[in-house]
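A.B. asks: So Swiss-Prot lists these for the protein:
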type	residues	note
BINDING	6, 7, 85, 109, 111, 146, 173	GDP-alpha-D-mannose binding site
BINDING	9, 11, 12, 13, 23	diphosphate binding site
């Protein structure tokens, strides 16, 4: 069985992290975002994943080589020479997705994090006998999104309404699809939208069905949503695999600490914190609602909240980092510095306070 992951372009919304790595390789909960998806696909019998990409394919493939061997799954790239939207990449990868078996294939948006109930989706797809299945999720403010109007009893999709001014429903496209090979015949090789062009055609022919996603869902393509997504992911881990979370007298709420990280005495860590491989957290540090990526050193009595600390950075003693501060790779914050929402590009040294949200070049 095959799957296509829509990787897309430059990840500008997640800069400065994406200045060092393509967005799917940015760590989320201590492993690359895309690895969460590849592992979920492997678990339901997918043996080949095609990455639809237009930026740094060689970096992606080199990085994922080890995981290809470890997970026993084939990973290939389909490279766009121009942006093809959300449907064009399927036409471009047609030969990689068709193997003559007639089996459906998965399509995933690489920005989406969820519990990936792909086994249930396979069963749902077989049960309705339609041409395509999409996953939908309920949201509080549907007017920001394209809303999927569906028949509640069967799941059959009636129509899509883009950013409705009046309430028509609260279910939106969750960016996870299961498609029969025949769907590829409906997509031309040009820049085109699967949501606005392909799916409405299939829905008009009564062949499109929607399954309501159980559990959490988040598009983590920008920093604020990334932080929220981490909270939802750790909540889910607490319910499903609590042994993976860290516990102890210095831990508050849900915290994920890599086994190679070290934490000093008198720290208070949590809630909603991920600490990556090789990190050193010195004594008296306070961390909450943040991600600390691989190889970071946080010195004594520093305080970090609602922020992302990029790979191999250093935060000085008594420094205070908060309010969606994002440190790129290899950033060094001096002792006693305050950052209020600073976005700091890689390889910088911060020697003066950042008093309001700004980009430090």
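Each residue, glycine too, has its Cβ placed from N, Cα and C.
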A.B. asks: If I take the Cα of residue 146 (GDP-alpha-D-mannose binding site) as reference, which of the binding-site residues 12, 13, 23 has the closest Cα?
C.D. replies: 13
A.B. asks: Using a 10 Å radius around each Cβ and all protein chains in view, which of these binding-site residues has the most neighbours: 6, 7?
C.D. replies: 7
A.B. asks: If we check Cα distances from residue 12 (diphosphate binding site), which of the binding-site residues 6, 85, 109, 111, 173 wins as closest?
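C.D. replies: It is 111, whose Cα lies nearest.
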A.B. asks: Compile a sequence-ordered list of residues in the same chain as residue 109 (GDP-alpha-D-mannose binding site), six or more apart from it, whose Cβ lies below 8 A from its Cβ; state 'none' when nothing qualifies.
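C.D. replies: For residue 109 (GDP-alpha-D-mannose binding site), the qualifying residues are 5, 6, 86, 175, 176, 219.
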A.B. asks: Looking at the binding-site residues listed here (7, 111, 173), whose Cα lies nearest to that of residue 13 (diphosphate binding site)?
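C.D. replies: Spatially nearest to residue 13 (diphosphate binding site) by Cα position is 111.
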A.B. asks: Over all pairs within 6, 7, 85, 109, 111, 146, 173, the annotated GDP-alpha-D-mannose binders, what is the largest Cα to Cα distance, rounded to whole Å?
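C.D. replies: If we measure all Cα pairs in 6, 7, 85, 109, 111, 146, 173, the largest is 20 Å.
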A.B. asks: What are the sequence-distant neighbours of residue 173 (GDP-alpha-D-mannose binding site), meaning same chain, six or more residues apart, C-beta distance under 8 angstroms?
C.D. replies: 134, 135, 136, 145, 146, 148, 160, 195
A.B. asks: What are the sequence-distant neighbours of residue 85 (GDP-alpha-D-mannose binding site), meaning same chain, six or more residues apart, C-beta distance under 8 angstroms?
C.D. replies: 191, 192, 193, 194
A.B. asks: Sort out the sequence-distant neighbours of residue 111 (GDP-alpha-D-mannose binding site) for me: same chain, 6+ apart, CB within less than 8 Å of its CB, listed by position.
C.D. replies: 23, 33, 175, 219, 220, 221
A.B. asks: Please state whether DSSP places residue 111 (GDP-alpha-D-mannose binding site) in a helix, a strand or coil.
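C.D. replies: Reduced to three states, the DSSP call for residue 111 (GDP-alpha-D-mannose binding site) is coil.
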A.B. asks: In the structure shown, which of the binding-site residues 12, 23 has the fewest other Cβ atoms within 10 Å?
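C.D. replies: Among the binding-site residues 12, 23, the sparsest Cβ neighbourhood within 10 Å belongs to 12.
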